[in-house]
Amino acid sequence: MPPRCRRLPLLFILLLAVRPLSAAAASSIAAAPASSYRRISWASNLTLLGSASLLPGAAGVALTTPSRDGVGAGRALFSEPVRLLLPQDAAASASASRAATPASFSTRFTFRITPSPTYGDGLAFLLTSSRTFLGASNGFLGLFPSSSASDEGELRDVSTVAVEIDTHLDVALHDPDGNHVALDAGSIFSVASAQPGVDLKAGVPITAWVEYRAPRRRLNVWLSYSPSRRPEKPALSADVDLSGLLRTYMYAGFSASNGNGAALHVVERWTFRTFGFPNSSYAPPPTKYIGPMPPNNQPLPPPPSPSPSPPPPSPPPPPHPNHRRRHLFYKVLGGVLGGMVLLGLVVVGSAVLLGRSVRRKNQEHAVASEDMGEATLSMEVARAATKGFDSGNVIGVGGSGATVYEGVLPSGSRVAVKRFQAIGSCTKAFDSELKAMLNCPHHPNLVPLAGWCRSKDELVLVYEFMPNGNLDSALHTLGGATLPWEARFRAVYGVASALAYLHDECENRIIHRDVKSSNVMLDAEFNARLGDFGLARTVSHGGLPLTTQPAGTLGYLAPEYVHTGVATERSDVYSFGVLALEVATGRRPAERGISVVNWVWTLWGRRRLVDAADRRLQGRFVADEMRRVLLVGLCCVHPDCRKRPGMRRVVSMLDGTAPLILVPDKMPPVLLQPVPNASSMNSADTANTAFFSCR
C-alpha cells in the first residue's frame with residue numbers, strides 16, 4: 001500500500017456558506033449518514049468579539065464597521081475548538097520519531113473589503129488558542145496586542161497563526177506595501193509576504209484558498225475574483241513549520257481592524273477542514289468525504305485501502321440479446337406507466353390536502369375568534385369612521401402588514417383603525433394581537449383597545465388615537481423639535497412598566513417580540529404607550545419557552561433569539577435595552593454601520609459613559625438619570641441572556657429603588673451555542689467527518 005494511503009484522509013470539515021450547494025454536493029450529502037453532518041448558519045456557533053456583527057439575514061459576518069468610531073477591531077470565531085495537534089502520548093505510539101504530530105488543514109473563504117471612504121488595515125484568517133482575546137487595531141488586524149505591558153501579559157499564553165489580507169502600508173510593521181498577503185506565525189511581523197494578484201480594496205467579492213501540508217511544512221495561499229476557479233500558481237508559498245505554534249485544540253475564524261481608516265470587512269462564505277493525522281486510536285476512524293470537492297477539482301487525500309475481502313462469485317452468463325431488448329422494453333413501459341399513475345395520485349392527493357388545509361385554517365380562525373367573544377362594534381361603524389377606508393386617512397402600516405387609518409367614531413372620539421386582510425399570516429397576526437390585548441386590558445402604558453370587528457374578508461382592531469405619533473418619529477425626524485429629556489426618561493420608564501406588566505401581571509405571560517421605538521406611541525401628554533402586538537405570543541406562567549421562526553426588527557433582536565428562535569421574556573429585555581440606549585443617545589440601533597450597543601459599551605469602558613448622551617439635548621438632562629438609563633440599557637443587552645435582569649428589576653433600577661447591576665468594562669463575547677439535539681456533533685476525540693452548511 002503506498003505511503004499516501006496510510007494517512008487518514010479527513011478528520012474535520014467546517015462549511016459556512018450563504019449560497020446553495022451544487023447538485024453534486026447535495027447528492028453526496030444525501031448519501032451520507034444523517035449523523036455525519038449538520039447545517040448551521042452564520043447566526044449559530046459563533047463567538048463575536050469587538051465590532052464584529054452579523055449581516056442582516058445572517059448572510060455573513062461584518063468584522064468591522066465603516067467608521068472610525070467604536071472598537072476598531074473585530075473577530076468572529078467558530079465556537080467549537082478544532083483538533084490540530086495529536087497529543088504527545090498518542091503521537092508517540094503512532095510515530096516514535098516525533099513527540100507530537102500536527103494536522104494539515106485547508107480553508108476557502110470569500111471576503112469583501114469596502115472602503116468608507118478610506119480603507120482600514122485589512123482582515124485575516126486565523127487559528128488561535130484563545131476564544132476571548134481580541135488584539136489591537138492600528139495595523140495589528142485584531143490579531144496581536146500593541147506593545148503595552150498589560151497587553152503582552154494578556155497574550156503570554158495565546159498562540160496565533162494567521163494569514164493576512166493586508167490593505168495598509170505600515171513601515172513600522174515591515175509591510176512591503178498596502179496591498180499584500182502575508183503569513184504571521186506567532187507575531188505581527190510576517191515570516192513571508194507576497195503580491196496577491198488582485199486588488200484587495202476593490203470592494204468586490206474575492207475568494208482565498210489557504211492550505212497547509214504538515215508533512216511538507218509548506219503553506220500556500222491563492223486568491224481570485226472567481227469563487228470556483230483557484231489559480232494554478234499560489235500567490236504566496238511559504239516553507240514554515242507550524243508544529244511549535246499549533247495547540248491540541250484551537251479556534252478557527254477571522255479578524256480585522258480599521259486603524260485610522262474606515263472600511264467594512266465582510267466574510268460571506270467559509271469552508272474549513274483538517275486532515276493528515278496518522279491512523280491511531282486517538283484519531284477518528286477513516287470516513288468518506290461528504291462535502292463538495294475542492295473548487296480546483298484537486299482530489300482529496302485518498303482514504304486508507306480497505307482490508308482484503310474474498311473475491312465475489314463468478315457472474316452468470318449474459319442473457320440472449322433478444323431477451324435483453326424485450327426486458328428493456330418492459331422496464332421502460334413499466335416506468336412510464338408507473339410514473340403516470342404516481343403523478344395522478346400526487347395531483348389528486350395535493351388537491352385533497354390543500355382543500356383540507358384551507359378548511360382547517362378557516363375553521364381554526366373561526367374558533368379562535370369566537371373564543372375571544374363577540375365583536376364589540378360593527379364593520380359598518382369602522383368603515384364610516386375611516387370614510388370607507390379612504391387612502392387619505394392612512395397613517396401607517398403595522399409590522400404584520402396591516403394598514404392603519406385615522407378615524408372618528410360616532411361619539412366623536414378619534415381612533416386608529418388597524419385593518420387586516422383575512423388571509424394567511426394577517427389572520428394569525430390579528431388573532432395574536434387581539435388575544436394579547438384581551439389578556440392585558442388595563443395598563444396606562446399600553447395603547448388602549450377601543451373595539452374590534454370581523455367580516456368574511458376583513459379583520460379590524462380599533463385603538464385610541466395617539467396624537468403625537470410614535471417615539472421613532474419624535475427621536476429621529478430631521479428638522480423637528482428635539483424631544484426633551486423629561487419626556488425621554490418618562491418614555492423609557494413607561495415601556496419598562498408595560499413590559500413588566502405583560503411578563504408578570506397578566507393572566508398569561510405575553511412576549512411582545514417586537515419592542516422598538518416605532519411601536520411606542522405617544523399620547524397627548526407624551527406618555528409612552530407600547531403597541532403593535534401582531535407578533536406577540538401568549539404563554540401560561542411556568543410554561544415552556546416558545547420556539548418560533550425569529551421575527552421582529554434587526555438591531556433589536558437578542559442574539560440567542562436569532563440563533564434558536566426561542567422567544568422568552570429575556571429576548572424582550574434585550575430589545576428594551578436597545579430601545580433605552582436609542583432614546584438616551586438619539587442613535588438608531590445601527591447607524592452608519594455602527595452598533596449603538598458596541599458604541600455605548602466602548603464609552604463605558606473608557607469611563608466616558610455620559611458622553612453618549614444625545615448632543616441635540618445640549619446638556620439639558622439630569623446626569624444621574626442619563627447615567628442610570630445608559631447602564632440599565634447595557635445590562636439589558638448583556639450577550640448572556642441569563643445575566644439580564646427581569647423587567648421588574650429594570651423598573652426598580654430606573655426609579656432608584658434598587659441598585660444598578662454591575663456592568664463589565666468590556667462587552668462580553670457573544671457565544672452562540674447550538675440547540676442541543678440528537679444530531680449534535682460528537683466530541684473531537686470520537687467524531688467522524690462533520691459537515692456544516694449555511695443556506
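Cβ coordinates come from backbone N, Cα and C, glycine included.
Per Swiss-Prot, the features are:
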BINDING   ILE395, GLY396, VAL397, GLY398, GLY399, SER400, GLY401, ALA402, THR403, LYS418  ATP binding site
COMPBIAS  286-320  compositional bias 'Pro residues'
MOD_RES   THR376  phosphothreonine
MOD_RES   SER378  phosphoserine
MOD_RES   THR386  phosphothreonine
MOD_RES   THR403  phosphothreonine
MOD_RES   THR657  phosphothreonine
REGION    37-276  region 'Legume-lectin like'
REGION    286-323  region 'Disordered'
SIGNAL    1-23  signal peptide
TOPO_DOM  24-331  topological domain 'Extracellular'
TRANSMEM  332-352  transmembrane segment
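In this structure the alpha carbons, written CA, of THR386 (phosphothreonine) and ILE395 (ATP binding site) are 11 Å apart.
Here the recorded positions are SER378, THR386, THR403, and the one whose Cβ sees the fewest other Cβ atoms within 10 Å is SER378. On a Cα basis, THR657 (phosphothreonine) lies 39 Å away from VAL397 (ATP binding site). In the structure shown, the C-beta of ILE395 has more C-beta neighbours within 10 angstroms than that of any other entry among the binding-site residues ILE395, VAL397. With respect to their backbone Cα atoms, THR403 (ATP binding site) and THR657 (phosphothreonine) stand 41 Å from each other. Other Cβ atoms within 10 Å of the Cβ of THR657 (phosphothreonine), summed over all protein chains shown, number 8.
Distance noted between the C-alpha atoms of THR657 (phosphothreonine) and SER378 (phosphoserine) is 47 Å.
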